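Beneath this line is the structure, given in structure tokens, with notes to follow.
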Protein chains: 2
Amino acid sequence: MNNHPVSIDRPWEAESQTAFLQKSGHGYRVGIPEKKNFFKEFSFAFRETFFHDDPLYHYKDQPRRKQFWLGLQSFFPILGWGRHYNLKKFKGDLLAGLTIASLCIPQDIGYAKLANVPPNNGLYTSFVPPLVYAAMGSSRDIAIGPVAVVSLLLGELLKHEINPKKHPEEYLHLAFTATFFAGITQVALGFLRLGFLVEFLSHAAVVGFMAGAAITIGLQQLKGLLGIKNFTTNTDIVSVMHSVFSNAHHGWNWQTVVIGMSFLVFLLTAKYIAYRNHKFFWLVAVAPLTSVIVGTFCVYITRVDKDGVNIVRHLDKGINSSSVYKIYWSGPYLVKGAKIGILTGIIGLTEAIAIGRTFATLKGYQIDGNKEMMALGVTNIMGSMTSCIVATGSFSRSAVNFMAGCKTAMSNIVMSLVVLLTLLLITPLFKYTPNAVIAAIIINAVVGLIDIKAAARIWKVDKLDFLALLGAFFGVIFKSVEVGLLIAVMLSIGKILFQVTRPKTALFGNLPRTNIYRNVEQYPEAVRVPGVLIIRVDSAIYFSNSNYLKERILRWLRDEEDLNKEHGLPRNQHLVLEMSAVTDIDTSGILELEELLKALKKLYVQLELANPGPLIMDKFLAANYVELIGPEHIFLSVDDAVAYCTSKFKATENT
Amino acid sequence: MNNHPVSIDRPWEAESQTAFLQKSGHGYRVGIPEKKNFFKEFSFAFRETFFHDDPLYHYKDQPRRKQFWLGLQSFFPILGWGRHYNLKKFKGDLLAGLTIASLCIPQDIGYAKLANVPPNNGLYTSFVPPLVYAAMGSSRDIAIGPVAVVSLLLGELLKHEINPKKHPEEYLHLAFTATFFAGITQVALGFLRLGFLVEFLSHAAVVGFMAGAAITIGLQQLKGLLGIKNFTTNTDIVSVMHSVFSNAHHGWNWQTVVIGMSFLVFLLTAKYIAYRNHKFFWLVAVAPLTSVIVGTFCVYITRVDKDGVNIVRHLDKGINSSSVYKIYWSGPYLVKGAKIGILTGIIGLTEAIAIGRTFATLKGYQIDGNKEMMALGVTNIMGSMTSCIVATGSFSRSAVNFMAGCKTAMSNIVMSLVVLLTLLLITPLFKYTPNAVIAAIIINAVVGLIDIKAAARIWKVDKLDFLALLGAFFGVIFKSVEVGLLIAVMLSIGKILFQVTRPKTALFGNLPRTNIYRNVEQYPEAVRVPGVLIIRVDSAIYFSNSNYLKERILRWLRDEEDLNKEHGLPRNQHLVLEMSAVTDIDTSGILELEELLKALKKLYVQLELANPGPLIMDKFLAANYVELIGPEHIFLSVDDAVAYCTSKFKATENT
């Protein structure tokens, strides 16, 4: 905290100050950028913040008709790629669409369970949302539908408000309300160009969060896999394991265990084969549907459901009904639904954008984050009105989509049509599907969310990042998804703040026979200049670090003086601050630099500044710091500053 | 968000990678710092975060006996300065002590009112805490006691829990509990060396917050100044003004108004004279006590209190009684008191440290933030056990203390003894002091908290800082002190996050006849190198900005290409990233640099890196980025990189 009641007040003499700035050996002065007025400065910052991607670039110098067409196309990319669509592309999309459809049907049923809604609503979510997204989205590879993590989060949050067993109708209405607001949130973030808020979740935190969520979801499946009836409603690992083991003696159903385990082994084996040999990737897609068919058939024949094997049971024929009037448009549930929607909407976005970007990079095309958000938002708004829960891009299905050779968002349309046919014709058959098979399929799907390679890489590159990963991971598995998410966000932001609070400083030395100065720790060849201490500050100087930096610089000086005394070297008479990396300074920073100047004066050390940037010079002038330090002590480069110092030494020697 | 399920996996070959790093013209390679092990790295970061001031420096190479003595002295600085204390110093301290005593007595009564406690407790707080601080504190100029902002905050927060009119006893107990925990908080922050947390309130936010609090406090005094009986309990400006004007017809007491206004004019005149001529600074100190004496005498003679002029009334003789058993050691009020204590403790710290630092800089001595916190914490713990409310350093009294020529903390002891005599002998006389006079004194005192000069300077230097100031200011006056504080913290942190999210990038050019490259906006003399685009990134590359930076760099390239086409210049075949200011990079940052590399390859542009720092090289090696980009594309300086590019051009021309 830097509060100075006594403020320094000098006349505003920018012109006279700059005239005295030192010229370098080659005749250059430290540059003063043109004075921008406040409005210009503000509009520049505003543009960089919200419109850094220059969205109107493509409209420049185009006739009005073309501009309209481009505008329409930017909202409905299908108008763009649809015109060049051909049979060859359709072949790829058809195959990919059929593959992801076979994958999504059993997953949908399982994810609906995670969200505590009837399995029908899971399937509905794979019908309408993919169609809307196909028209509006710009990713060619993403597969839209319900996903594990978002469904789990949705289910957990909704459960706190309404008991899904006691009031299933109200619960479902709240789910649609949340879905509606998830969509609104996504559209709003995109429209207000606040997409960058999503970036406040660091890569490491997301890896940890996803792994934790995968394990939590996997643990939830133990209920279905082991046929436990009295399962805990908590999701943390302690409650779940307690629930599992306290039921071990009489709560498990052996027929269920046999079915579940054998299909799980089958699915994991298929995955392993596909992983070892990419030619067999279709196994990943086909195995789940095969499991469902075989499992259902077995139960239908043997009727083990009468022996306690749980089956899906409730699954109706028919497509999505309108749910416009089921959304809470008023009352206390409106607010609650909105809150849940905002959270699930943001998590959904995070996942969709990550997937979209990854595959766009692999194929070498660009996706526009803000537009993607709007597309996904409209998708969810339409979904909420047609009995769907929150939809987003699925990691596992998008990867399969990509590997199966999808070309455009048409594969989503194909998938959607297959789901439509399923809903119209064969859903009743799924009634006999054992829950254990669904559980096995979900466990198999979420295993892919645990990215051990990424975690290892993070450990190798950045230990602090790894800490954020662990925090999010343990938060999810030991407490709950929300807590893990909160920890992930807090650690991500905390890390930034920490780095800004304790920036690095380094001692600089000269590389012999050059005019280059570098960090002596990085370049052992660099030698110090006698009598001149060169310190580089590696960060913008803000209120949060200005006092630390001042004290750290004084400590450098003290420690170096101790060394000089020890070795009988001359004391440092000049302290050169290398300011290349000081990209900005605020009022607190300038106040601390003033104090540094005073403190150094007491020690008979002269402060010299090398290479201050445009923003710094601007603020130094505004705050009269240039006059305070003396313009002759501001240099274009460290080399110039050192030349000045040594010339002073010589002058003293001669007198 | 940067989540990449497909991660790049290559063998770990740091050695072989570095062997291919380019040598500069002078024979230097980009330096690779020594590999630190994890523990060493962690302990270094830990030391810099919590022990950056190297607190054990003075103990090094000292005999054990001396070390013990130094240790004791560091907790009780009085043992240090006390040994060299002499009569000359005492003269200064005596005068200063008497001056601040005359100032503190009426202020204490007023601040007790702000905290809704009896005036006695205000006076008590100027007796015990200054004594404790004098023994333990390291500031020589600070004047300890109750202060306006903290008392107001304390009163507001306590009022939410217990009604001070209905349950005055319980309210007082909760106040002591809060004071106790304020002390505990301060000791804990100091002991855990978390003092830097206080720095997360930016200078600008504090200026705004203080000004807002001063106006709020001033508005509260309208009750006493105008003699309004039915005054609002809210503190926002709208409620207060409504209360004032709705009472205008029959709620004001004309005698009170006359007394209040005349003394206010007297006080402000005295202040103005002292401000114009520093020789008369004693007027500032003497005027309040004079007002109290004259005001009290007038009321005592005329007995206008019977005509509705409010007087202090309840003020008992005698010194602080023990309040150890009045603190809530259990029950729900323990937790509530602790919460209030934490908040007021932190605000108290902020004020004390700001004052301590300011005057230490003026006189040229150092104060240790963490030790100050412990001293202040013990002060408040002792205070809470002797019927005191939260004490800290007062802006107005410390300034007077300084100007009156205090030499050591002895002036606090003198003040404390004067308050003791007052409590023992003359408190009953204050019973007749009109509240209007106290109100005038407080208004006069808080006017100094509005630092218009500082605000003007902030506006000149940094517009974003000014926005934080306004936010805190309006938050306090239109809502409440807590809300203003919350806004201040959020804006301070938000500003850091914003700067980290949208860092600056700049185009670089060569200063003719030198090997120096600088920002072309700052140095109009700098010329671009044909075919080579040089871009400097002005920030560490983290998850929060990595995607933006990638896109911004690609946009620079696109815009420059457009210009090149327009002017018929050759296209850019190389993109040099000047990395001097890139002080750190995390996993997300490296992932985005990988993507940048891919995107540039598609455009047939070669990426070159100039002057990566030690941390960057370390992480590049760990993540195998050096191998990916090719070690021959990493250079010591921009000059080397440009030399490489132009040599490539020549090679192409010759073939």
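Positions of Cβ are set from backbone N, Cα and C atoms, glycine also.
Annotated in TrEMBL:
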TRANSMEM  B:68-85  transmembrane segment
TRANSMEM  B:171-194  transmembrane segment
TRANSMEM  B:200-219  transmembrane segment
TRANSMEM  B:252-274  transmembrane segment
TRANSMEM  B:280-301  transmembrane segment
TRANSMEM  B:340-362  transmembrane segment
TRANSMEM  B:374-396  transmembrane segment
TRANSMEM  B:408-430  transmembrane segment
TRANSMEM  B:436-454  transmembrane segment
TRANSMEM  B:466-493  transmembrane segment
DOMAIN    B:522-645  domain 'STAS'
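Of the Cβ pairs linking the transmembrane segment (B:280-301) with the transmembrane segment (B:252-274) and spaced 6 or more residues apart, 3 or more are under 8 Å, so the two regions touch. Against the transmembrane segment (B:374-396), stretch B:171-194 has more CB pairs under 8 A than any other of B:171-194, B:340-362, B:436-454, B:466-493. The average pLDDT computed over the domain 'STAS' (B:522-645) stands at 88. By the Cβ criterion (under 8 Å, sequence separation of 6 or more), the transmembrane segment (B:340-362) is not in contact with the transmembrane segment (B:68-85), since fewer than 3 such pairs are found.
For the transmembrane segment (B:436-454), same-chain residues at least 6 beyond its ends with a Cβ under 8 Å from one of its own Cβ atoms are 106-107, 109-111, 113-114, 148-149, 203, 207, 210-211, 213-215, 217-218, 221-225, 227, 256-257, 259-261, 263-264, 267-268, 271, 287-288, 291-292, 295-296, 309-310, 312, 395-396, 399.
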